[in-house]
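According to TrEMBL, the ATP binding site annotation covers Gly55, Ser56, Thr57, Gly58, Thr59, Gly60, Lys61, Thr62. The annotation domain 'Torsin-1A C-terminal' is assigned in TrEMBL to 225-282.
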Amino acid sequence: LAFSKPWFYFVSGLEFDLATNLVGQPLVRQQVMKGVREFLENQNPVKPLVMSFHGSTGTGKTYVSSMLLRYLFQGGLQSPYVHHFSPIVHFPHAEKIKQYKESLKHWIQGNLTNCGRSAFLFDEMDKMHPGLIDVIIPFLGPSWVVYGTNYRKAIFIFISNAGGDQINNVTLALWRARKDREEISLQDLEPAISKAVFENPQSGFWKSGIIHEHLIDFVVPFLPLKHHHVKQCVISELVQQGLEVRPGVVQEVADSIPYFPEEEKLFSSTGCKTVASRISFYF
């Protein structure tokens, strides 16, 4: 990790950025900060930090992971110590899974030998070939050394849309039961995520030893976003693009996005994902 200042400087910066710029995700802020703080406070962690982000499109999974890496590594995702994997780009052919396993193992081993403070980001885990990810199990567990490499200070982040529908359904049921989103706990959501992600034959975590050996430290659920959250995203995007924040434009962009369920029109179907492209119609 590119620490030119004490670790707590980066933690407080990340905490402020999450509180200021991440909309509608109190549980994410809580889980991510808990994981990062505990991990960095420990000079000799017994295992790497392993987090798994789950939720629908546009709810902030990629945004949070890139923010986290930006604080911990100089250059963020572009850092030579941050390694980003996409199943569609890096592991597209099911018949080559044996070859992928070998190359993934060597890639992680080689980069951890080069720098024990490396980060590995696995995108779209719901599209990962089942069985492939288990090749990294030796790097995730509580051992001191594996393949001659000390890897306990590494960070692994898994990102998945799997579990998104279940998280949405639970959030909707709790809303109908008059439970505020700030009151939603991990315990409310974990059973639904577990069923959708870890017991699903289409999931990259299907029958995975990563699950059976409890190697994921933090499961982080991203809740569906409401209309006023989308408006906040529109304002942020306008500011970021250096455009005038006109209330009429903010309202129209937020209104133009589809919402579900049909009767209440409560949550954005695409989160904040299409906000930037919709703004372009007005300028």
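Positions of Cβ are set from backbone N, Cα and C atoms, glycine also.
Within 8 Å of the Cβ centroid of the ATP site, not counting the listed residues Gly55, Ser56, Thr57, Gly58, Thr59, Gly60, Lys61, Thr62, the chain contributes Tyr63, Asn161, Gly164, Phe222, Gly271, Lys273. Residue counts for the domain 'Torsin-1A C-terminal' (225-282) under DSSP (helix as H, G, I; strand as E, B; rest coil) come to 32 helix, 5 strand, 21 coil.
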